[in-house]
Amino acid sequence: MTNLQDQTQQIVPFIRSLLMPTTGPASIPDDTLEKHTLRSETSTYNLTVGDTGSGLIVFFPGFPGSIVGAHYTLQSNGNYKFDQMLLTAQNLPASYNYCRLVSRSLTVRSSTLPGGVYALNGTINAVTFQGSLSELTDVSYNGLMSATANINDKIGNVLVGEGVTVLSLPTSYDLGYVRLGDPIPAIGLDPKMVATCDSSDRPRVYTITAADDYQFSSQYQPGGVTITLFSANIDAITSLSIGGELVFQTSVQGLVLGATIYLIGFDGTAVITRAVAADNGLTAGTDNLMPFNLVIPTNEITQPITSIKLEIVTSKSGGQAGDQMSWSASGSLAVTIHGGNYPGALRPVTLVAYERVATGSVVTVAGVSNFELIPNPELAKNLVTEYGRFDPGAMNYTKLILSERDRLGIKTVWPTREYTDFREYFMEVADLNSPLKIAGAFGFKDIIRAIRRIAVPVVSTLFPPAAPLAHAIGEGVDYLLGDEAQAASGTARAASGKARAASGRIRQLTLAADKGYEVVANLFQVPQNPVVDGILASPGVLRGAHNLDCVLREGATLFPVVITTVEDAMTPKALNSKMFAVIEGVREDLQPPSQRGSFIRTLSGHRVYGYAPDGVLPLETGRDYTVVPIDDVWDDSIMLSKDPIPPIVGNSGNLAIAYMDVFRPKVPIHVAMTGAPNACGEIEKISFRSTKLATAHRLGLKLAGPGAFDVNTGPNWATFIKRFPHNPRDWDRLPYLNLPYLPPNAGRQYHLAMAASEFKDTPELESAVRAMEAAANVDSLFQSALSVFMWLEENGIVTDMANFTLSDPNAHRMRNFLANAPQAGSKSQRAKYGTAGYGVEARGPTPEEAQRKKDTRISKKMETMGIYFATPEWVALNGHRGPSPGQLKYWQNTREIPDPNEDYLDYVHAEKSRLASDEQILRAATSIYGAPGQAEPPQAFIDEVAKVYEINHGRGPNQEQMKDLLLTAMEMKHRNPRRAPPKPKPKPNAPTQRPPGRLGRWIRTVSDEDLE
């Protein structure tokens, strides 16, 4: 398969490009091996809305070339008018000879408003029609929705601000390269001559019987009589040719005919006009043959063609009014659309209609088209091309997925936000190793897993790290696991019932896990077992490609089991971990067939189904239980597995059964593990703990149990039972168990995660952890702090958080972050990530809770205003309202807590007089009378200001009173005897005095005094 080097992802690039074209092009993995280059071409258009606010965008989502679609605006007469063609940014025929379309997506939306418009109005209808454009019978805004009955091919009433996305899905996989109509070297008399090489592959041919002994009769008219001989629907956006012949017969002498062919566009206008006969004279009494052959190149087709029409003009040489003109015609013609039957060339079409958009608004069309292109000889000199890779697994997987696209929710037209939300789901579909959690939430998981089992190599998909092993064995997963599978710390049994709990010494163990997981050097040492090299391990879960059952809201306790395969001395082994669930009751219907019918009795006589019948289970239970293998846990639901797992035994299972019997959890979040294997040999270190931890972590679960319980069982399993009592009544005497005894109605239980730690286990650290656990059981605040620490340590962000505390010593940033952090399932999170991935939506508060929150909110607001008597209890007694004006006045005047529901109206209407001081009145009078430095206000003005203060009960003047005081001040200033005399105003019209004697400016005049 593709990308086998990546052990965590196994992407099929072709289907990823089909479902998400913006991720780029990918070679089609079929057997058409041509050297090509991959190219992604964008298309971006800003279309102006017409006067009616309505329009239509026609897309050809599967057309292999530069043509993307066309835009039409709706006129006031109800007809569409062609606006422009929509093409890719680059003219592909200018540089490339051949093309194959890989994928295409286009988005239509509007986010701009013309001047004077303040609201973004308008809606969009979109439909993918599995036919040609000419076959549409109703192209109105509402009529488009009747073009198809498939709900996945149409959407209606999408706001133009949100927009729609058109996704091109292939209609066929037998695709060859198409000639693009590229120019070819040619020399002619006309320097503007153009010669192109068009596609001849899969032409579409329309055969039309133009006339079959058609009889025409009319009287002479000046200019001739025009008649439409035929009109037929055709579809063309590329070059076409028209060939045929007509035969005319007449008995009238001097009859002249002219014939014209019209190619008509979608809007009803003639796009191309060609005369096939002009003033051809007909000979009476004989067959007059009129052959014609037309070729229309692609560059002359400026808009989509949807029909063809042939008109005949009849006239008579030297005719007089009333002369008879009659003739008969027969013949046929053929219209050949070059490449018209290529898959996706003319059908299907996607139509996007918008309505009630503001005139002058801009509708944006943006998208991407991915191609396989073969360059022309000139470009090939500088462009490296490569062969495509034939991958039948990827091709079959793509075909099977798209064949079930209606069941998998894969549409051709989407609301843009919904398409964005589905991108993570599409990534799961394209990744063969994805756990399909989002697909499981939508209910598509069973279908996709069944398709994976059919389409791709089973072992490579289900157990990626074992892909080389699977290729070496050459067998399926059923044989790989088989009945000879065995488990440590939960041992699977063979069909014969013999225990296969022991294996040979492991010399080399390759563990596919993160750092911090322990590797077992010598797992078991028992005689009569061969030495095995090259054990391959993985922390994942062995998965079978089977349909899953889902048990919703089932209370359960989960526990991991380590499984190893045993074939023979020459076959490599595989080590993996599987998760099991303990469910209350007899539920053999949930078990795989390999586990049914096997049970073990407990000390109290009850049965545990799914266990190997090996003696008596050393537990006292109050009811029957069933052990089932699971594949996933999602939204508090258990995804059951149908893998052929034999019955099991083991300490972790015993602990899980005892835990289930005591606590009976309501949701499956508990994972029990002892950390000790069920083996008949000595163990050097904690065996299989890391593999179990990885399995629990992959499901996002915590482990509850001693984890690193240090035991030395020796060869006797009963010795371990004595040292580790499984009787639930003895659990309160086991200080090393992280299983707090809580009542059944306590809801979700919290357990310290026994996960792989970044800290190295030491005796001192273990003592400190036990001390903290003991303190947590006593102090709830310390338990909360410890849970935060364990959360930081489990997710590996202890160091990051320590660095963050240095930059935020007072926790201001952290407090603001927590206060403003959006919650899962909130409106902002759904808008960003969609509804996929979230479990149960957050429950809204009850009316009582909402009322209490409101009371608390009002109380806090009053407290910020200095009103401390309005406690939440007082607000609740006051009718869930804050203090009234009367209550506030009462509290301000008396400093006593007002009675709830008492309005104290006397304190509202009876104003308490507050006298202003003489200094305050003098300061106000001085300020009103004049600026500082002027004369002091007279006593009469001060008395006027004092009257205003008295009227206002100690408050200053309002605006009207201020105007009156200013006028009074002006009058008093004019009649004040102490005010300065006014300066005389110069007369503006007084003539200036001229110097006597007309002397110069610098000559001094001589007076009589000077002469004396």
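The chain as shown is numbered from 1 upward.
Each Cβ is built from the backbone N, Cα and C atoms, and glycine gets one as well.
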Swiss-Prot annotation of region 'Interaction with VP1 protein' - which of the ranges 43-52, 883-892, 1003-1012 it falls on: 1003-1012
Local Cβ density at Ser652 (active site, nucleophile) - other Cβ atoms counted within 10 Å: 29
DSSP-derived class (H/G/I helix, E/B strand, else coil) of Asp30 (divalent metal cation binding site): coil
Length of the line joining the Cα atoms of Asp30 (divalent metal cation binding site) and Ser652 (active site, nucleophile), in Å: 49
Asp30 (divalent metal cation binding site), number of other Cβ atoms within 10 Å: 20
